[in-house]
Each structure stands twice: as structure tokens, then as C-alpha cells.
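Sequence annotations record features per position, and here Swiss-Prot assigns active site to ARG100, GLU103, SER126 based on sequence analysis.
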Amino acid sequence: MSLATLDTTQHPNLPASSATLFSAKATKALSFEQIAQHIGRNEVATAAIFYGQAKASPEDIEKLSSLLDIDHETLKAQLSGFPDRGRSVEMPPKEPLIYRLYEIVQNYGYAYKAVLNEKFGDGIMSAISFSTKVEKETDEQGNNWAVITLRGKWLPFSRF
């Protein structure tokens, strides 16, 4: 199994906690799925903690510290603040997989908007009251497909 690692030279805007967490993840040879199961979170949410894009709860910090053998006080100091979301990726992104996600929004963004507006009215899909998951699907020919589910609360615009 290949594991996601971190090259800090490619991600200079990530918080110190990212290097700490990824180093311990590599040492323990754990996948995000395994770590997520241990802390009781979704694997994408777990990866978001590692990239400094999601807030870790005190319970998350305790469980990560224990699982990854990271000093609790060090991890608590690094993860107890509020995330500075959105700084980790330059726009447009250069990493090919992240660029494909960006490209999906470029190509289908207005189509999604039109369909969502027709179904829900004038509003937006929350990225705060939100969940996501990634699944692997294999078709009859043996081709692997990535299935990404985005689930956000619908927030109608207020009339004032």
C-alpha cells in the first residue's frame, strides 16, 4: 500500500502541525483510513486535520497523540488554534489531481449552480455544514473509478 506523505518544500504555507503529523504517520506506516478509524472521523476530515484545514477536537488530539506517539502537549499546542483555511493551495493549483478538481468546477460549476437553484431555489451549498467521502468503485471491465460525494446544507439567501 502506498501512503500519502508530505514534502514541506512543496507546501510552504502549511502549519507546523502538518510536518509533525505527517512525519509520525510515515513512521507508523498508517493510512488516513486507519487513522480515521482510530479517531472516529471520516478519512477526508482526518486528512484535512493533517493539512491544517480542519479543527481537531481535544479528543482528536488525545487519540492522535496516542496512536502516532507524538507528545500530547506538543500536538495540543500545534492543533488547538483555529485553522487558516484555504492557504495551502495556490490558485490555480499545479498539482494534477487537485487541478482536475478545480477543472471540474470550471467546467461544471455553472451547471451545478443551475441545477441546484432549480431544485432548491436561490441559495448556496454550505461548506461548513458539510461532509464528504471518497469511495473506490470497480466496473465490470475492471476499471477503477473515484466516487467523491459532497454533502452540504442548503442555505437560502435572505431577503432584506
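Cβ coordinates come from backbone N, Cα and C, glycine included.
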Query - Rounded Cα separation (Å) that holds between GLU103 (active site) and SER126 (active site) - result: 20
Report task. Take the Cβ of ARG100 (active site) and count every other Cβ within 10 Å, whichever protein chain it belongs to. Result -> 11
Report summary line: Counting across all protein chains, other CB atoms within 10 angstroms of the CB of SER126 (active site) number 12
Query raised in the report: In angstrom units, rounded to an integer, how far apart are the Cα atoms of SER126 (active site) and ARG100 (active site)?
Result: 22
